[in-house]
Structure formats: structure tokens, C-alpha cells
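Over in TrEMBL, the protein carries these features:
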BINDING   D38, A39, E40, Y41, D42, S87, L88, E116, R139, E174, K298, K322  NAD(+) binding site
ACT_SITE  K118  active site, N6-AMP-lysine intermediate
BINDING   C427, C430, C449  Zn(2+) binding site
DOMAIN    633-710  domain 'BRCT'
Amino acid sequence: MKDTLMSDPVFLEMREIAQRLDEANLAYHRDDTPIISDAEYDALKARLLDLEALHPELKDTDSPTGKVGAPVAAGFGKITHKIPMLSLGNAFVEGDVARFVAQVRAVSRDAMITAEPKIDGLSLALRYENGALVSAATRGDGAVGEDVTANARTIGDIPQQLTGAPSVLEVRGEVFMSHVDFEALNARAAKNGTKTFANPRNAAAGSMRQLDARITAERKLSFFAYAWGDMSEHLGATQSESIARLGELGFRVNPLMRLTLSSGEVGKSLVTQLVDYHQEVAHARAELGYDIDGIVYKVDDIATQIALGFRSTTPRWAVAHKFAAERAWTRLEAIEIQVGRTGVLSPVARLTPVTVGGVVVSNATLHNHDYIAGRDSAGNPIRGGNDLRVGDRVEIYRAGDVIPKVGGVDLSARPKTAFPFAFPSSCPECASPIVRDGSSQRCTGGLACPAQGKERLKHLVSRDAFDIDGFGDTMVDTFWSDDALPLRQPVDIFTLPARDEELARNEAPGSNRSLATRAGWGPSSANKLVLGIEAARSVPLDRMIFGLGIRHIGSTTASLVARTFIDWDSFLAAAIAVAEGSAPQAARFRAIDGIGDAVIGALRETFMPGPERNAIEALADELDIQSISAPSTADSSVAGLTVVFTGTLIQMTRSEAKKQAEDLGAKVAGSVSKNTDILIAGPGAGSKADKAAALGVKVIDEAAWLEMIA
Ligand code: IVH
């Protein structure tokens, strides 16, 4: 029997998965140092469950699919849970949610379901007797946990004394560390040269497992109550009532918890309501201020929960709908160098496509030369100092909505033939010499470099610049290499209609070079393009300045510059004076928020006599540049103040807020400095709020701001 088993590939796979899961469990639960990603863990467990269902005869009685957590660590007392602390089954796709709902409705036709974030921390059971907190235990293996009472008493969200509670009450919930507290802890650790934590969950778990409660007390931990264990009487007839009762007793409960409505009432099925909520919270995830890894759905009615009951380690009345993995491993197929608008060389990783956070990723940024070599801009090692090579197995991650990044490299999988990446020493597009500029490498070709020229045109027509209707990146690509109507510098866009007309007038029949006669174009497309270009001739000064694509002048700085100089001629004269070395004119620029040596240097480069300045002057000749009208600030309470927006705004978009403030005569700056009068901080405000606090700058929320300008 044994011999046959040992050669059975299914058995061997099951045994291997079980071993990996056991190792991963110990690393995660006992040592707080995960060795595989949550997604990889879930995938392995799902595979093992499938195999066990197909081949029950091969299932190990000690299989990790029948266990939760890991045995308790030495050093803590043990607490046996009166009612086991279980885990939750997982749902990954809508079909899994539909199956859960169907199972529930088979027992109760009109069951309602609560939905709430799944907190990525560690679960804790708090026992209260006659209102007093008597013990706190971790989950441990689900049956026996660690006695962390002394540590729990240091957590502000955990009441020591309850009034009006059942005589025995065990409250369960999650201990976690907020992003702000996590960053502060790591910053302190880095300063003191002690161990930093990889993520808030590890930090929370590590802090709870301190044998010295004074150390726990120094780490700010938080706690959400979401369930209960042993108790002398029920808290309520439903999940939502019971949670509300916990809130009344003084526990922090998650404000995002929702209860489904009857389908008739909202015109949406239960599954749709749940999936919509999942999506809504997934979008807000980055702004919550703490880590969550999914949504937990629970049957609301407690009697129905009891009727549904449990599987071996998970309830049938609840399920965790996980978020898609935000990390994944794949192969680095090639490293390509892109030359940007300002000449900066950006290496891009071409990857074997892989799903990360629900999106297929095939490219990731590699930042610069040092990043590939395994160093940050200060020369410190990143990824353990390991370089990246074509052929490597790399870990990709996405944080929020940003461009995917390479997190790690698996040296054990490096092909023998992989060699260190040779960063080019001249521009791959125009062969001009490359100079080092801070942490990046830059092509010195300027407008002579085709890549820079093309990117500048794309910038000029972009939404925050000239915003030419019907003229986007593809048009630039199309006309760049067009024989009849070439587009090489900004002014060519505005001479295009006249050049096209000329072409049409002199065209030999059948040559089809003018737009209206081209294949795929026709008179109406041609006319639309011309109308878009004509409309864009009249351009506000701030968009013009931004559209020039001068290094370090983004749209915020461009609009501050425009407000300072009011009209194009004054701006141009001042910029040329700066290039000629005029100190007073440079001082006028420097007085503008956000302008320092970098911008002054860029102005010099752009406006010294030469092709760049010629191109700008030629463009300006084709345009009608609108001066900035002085804002009507007669009865504005914010005229002359410098304000900064940070975090998420709810009532309006960032650009609407900015325009409104500027219309009222306020200056909107991009960063907080001692010149800032007010910081308007929405949810998720980060370092700017800290800086404002440090500088004593007034900080208000969006509502207070709206009231102020009303
Ligand atoms: S309810 C019977 N609600 O997720 C299980 N658990 O993977 C009752 N968790 O052990 C648990 N947030 O540590 C529940 N809102 C939430 C949760 C939550 C996080 C954790 C908890 C549990 C694990 C299961």
C-alpha cells in the first residue's frame, strides 16, 4: 500500500502542498514572519481542498485544511477557548458569493446579510466577567490561545470595564495597527537602529507577542469588535443589533458595516448588493488608513446562523470575499529604455503577463539605472542589494492605483545565462551623450532627439495643456512620420490646417495626400481636426506655460507663474531675462511658491538663444494667448492666502477646488511650507498634514473650507 501511494502523483502533490501549508502556518502565526503571500497560501489551500474532495481516501487526518492557526508560542500562558475560534471560508469571484447566498437561502428564503471589511490584523478574544476585563487570548490553534491579557490592557480601544453588559461576555475582534502608527513605529525603529516591520499586520502581531507589556504600550494598537464567543445571554437577535450593542458598551465597531435590503426594496439581488459593496470598499481601500484584505459577509439573523451551523473549521453562515492578489511572481522578459519628454531615460520591465490586483500587468517601471543595480538614490541596497537581470523571476506589486513595481527577485531561479544589465551610455533614440541628473540619466539631445520631440508634442496637446479636441497621442504618432504633412515641432500643429489647404489646392488627382482625400479620413474627419486646432489657438496663459513642457513646471507652478506675470509678453521677457542672467527677474520667479534652483535652471536652458526658444516663439506667433484676468476678490475671505489641498476631496475634484480657490484670489500651492496659510486636508492626508502640524500651519477639513468660502 505504502509503495503504491509513494508513487501516486496525486498523493505526492497533496503531501507536498500540506507540508508547504504547515510551514507557512508556523511562519505566519507563530513567528509573525510570512514566507509566502496570502494569495499563494489561499491558492495552495484551495488546491488541496479540491484534491481532498476528489480523493477523500488520500486525505491525511492531520491535513492543514482541518486546522486553523498554529500551536501557541512558548513564553505565554495558555487559555482554552470555551468556544473554538474559527476561521472563515473564502470567496474569490462572484460565483463563490452566489453559492454562499444560495446555501443561506436554502435555509432561510428571505435572509439578510451584513457586509463589513475584513481587517488584516490578528484576532483576539476578550473575556469580561461582571463587566470587568479578566482575560485576553489570541486565536492560537483555534482551541488554545496565548494569554495576552497584560498586553490587551494597554490598547486604548479595549474597555477595561463595561456597564450594563451580560455577566459573562466574550468579545472577539481584530487587533491591528493603523498606517499612521505603523509608519511612526518604523520611523522610530529605523532611527534607533532596531528591527523594522514589513507591514502593519506583522507589526501588530509582533507588538501583541511582547512578553513585556510596557513595550506593547509604546506601540499604538487599535481594535475593532466584530464577533463574540461564550456569553451568559445574547446581545441581540441579529448580527447587526449585536454589533450595535457592542458599540453602546464602548467597543469600537467598524462604521462601514452594512446590511442588505430586500431585493424588492432596492431592485438589486442580494449577490449584486454584496458584490457592489465589495467593489466600493475595494476602491476606498487605500484611504481607510488601515489594512483590509477582503469583505466578510455574515447572515444577520442569529437563529438562521445557528441553523446553518459550521463545517470543521469554518461557519456556513459567513464567508470572506477576498480582494484580488496585489502581488504576483512572473518573468522579466526584457528591459527597455524609454526616453521621456525631458530626456530622462526610464527603464521599463517587459514581463510575462500576470494578474495583479485583478489587472493583467505586462510592464512595470524600473525607475533608473541604480534601481536595476539594486541601490536606491542614496546608494543604499534595495532588494538585499540584488540587481535585476533579463530572465529573472521577479515579484510584481501594485500599491493603490499606481504603476506596477518590481518588489523582489528570486535568485534561486536565476538562469545561468543571465548577465547584469548594461545601461546605455548614449541615447538609444538619437545617440546624443547622456548626463547624470540626480538619480536619473538624461539625454542631452533636446529637440534634436526624436523621442523628446514627440513626447513634447504629446504633452502640448494633452488635457491639462492645449487639450486639442480630436488630437491625442495617436495623432502625434501618425503625423510625426508623415511625408506630406510632417509634424516636428509645436508650431507645426497650428500650421497644419494651412499646409493641408495648400496641399489640397495643388494636389494632382488621385495622389490623395490632403486629409480630406486620405484613406480612413474623408472631409468630415479632416474638418473636425481643423476645427479642434482652430479652437485651441486661443489658449489661456497658464495652459500655454504648462504646455511648453519646461522641466519642473507642472500645472500648479504654471498657473502660479501665469498669475504673477498676467500676460505672455511679460512672461517671455522675464524668462529671457533670466536666461541672460538677470538677478531681479530670477528673484520674481523665486518669489513664487515651489520655484527654486531647479526651475531657474530649466528656464535658463529653455530660453537661452537657440532652437528651443525659437520653437517657442514660433508657436506663440500662431496663437492668441489669453492674459490672466485678475480674480474678482472684492468680498473673498481667502484673497491673498496661500492654500494647499491634500488627501481625498469628497464634494469636488482637486482641479475644481483649485480653480474655485484661485477665482477667489487665493494662491494654490503644491506643497506645505512656512508660507502656507491653510492646509485643507481630506481623508488619507499624509505627510503634508504632518508637516503642517510641525510648522503650525492651520489645518481644516473640506467642509470647513467650503464654509469659509461660502
Ligand atoms: S468574523 C467564525 N469578521 O479573519 C469566524 N473575522 O480568516 C468569525 N477577521 O479569524 C470571524 N476581520 O481573525 C470576522 N470583520 C471580521 C473580520 C474577521 C478580520 C479575521 C479573523 C478571522 C479571520 C478568518
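Cβ coordinates come from backbone N, Cα and C, glycine included.
Given the structure is predicted, the values throughout are model-derived calculations rather than measurements.
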Three-state secondary structure, C449 (Zn(2+) binding site) (per DSSP): coil
Cβ atoms near K118 (active site, N6-AMP-lysine intermediate) (within 10 Å, other residues, all chains): 22
Integer Å distance between the CA atoms belonging to E40 (NAD(+) binding site) and C430 (Zn(2+) binding site): 44
Counts by DSSP class (helix H/G/I, strand E/B, coil) across the domain 'BRCT' (633-710): 27 helix, 15 strand, 36 coil
Cβ under 6 Å from ligand 1: qualifying recorded positions of E40, D42, L88, K118, K298, C427: L88, K118
Of the binding-site residues listed as L88, R139, C449, the one whose CA lies nearest the CA of the residue listed as 'active site, N6-AMP-lysine intermediate': L88
L88 (NAD(+) binding site) to C427 (Zn(2+) binding site) - Cα separation in whole Å: 55
Position of peak Cβ density within 10 Å, selected from the binding-site residues L88, C427, C430, C449: C427
Cα-to-Cα gap, C449 (Zn(2+) binding site) vs D38 (NAD(+) binding site), nearest whole Å: 46
Additional residues around Zn(2+), ordered along the sequence, whose Cβ is within 8 Å of the centroid of C427, C430, C449: V339, G343, P428, E429, A431, S432, C443, G445, A448, P450, A451, Q452
For D42 (NAD(+) binding site): intrachain residues, at least 6 apart, with Cβ closer than 8 Å: N90, F92, K322
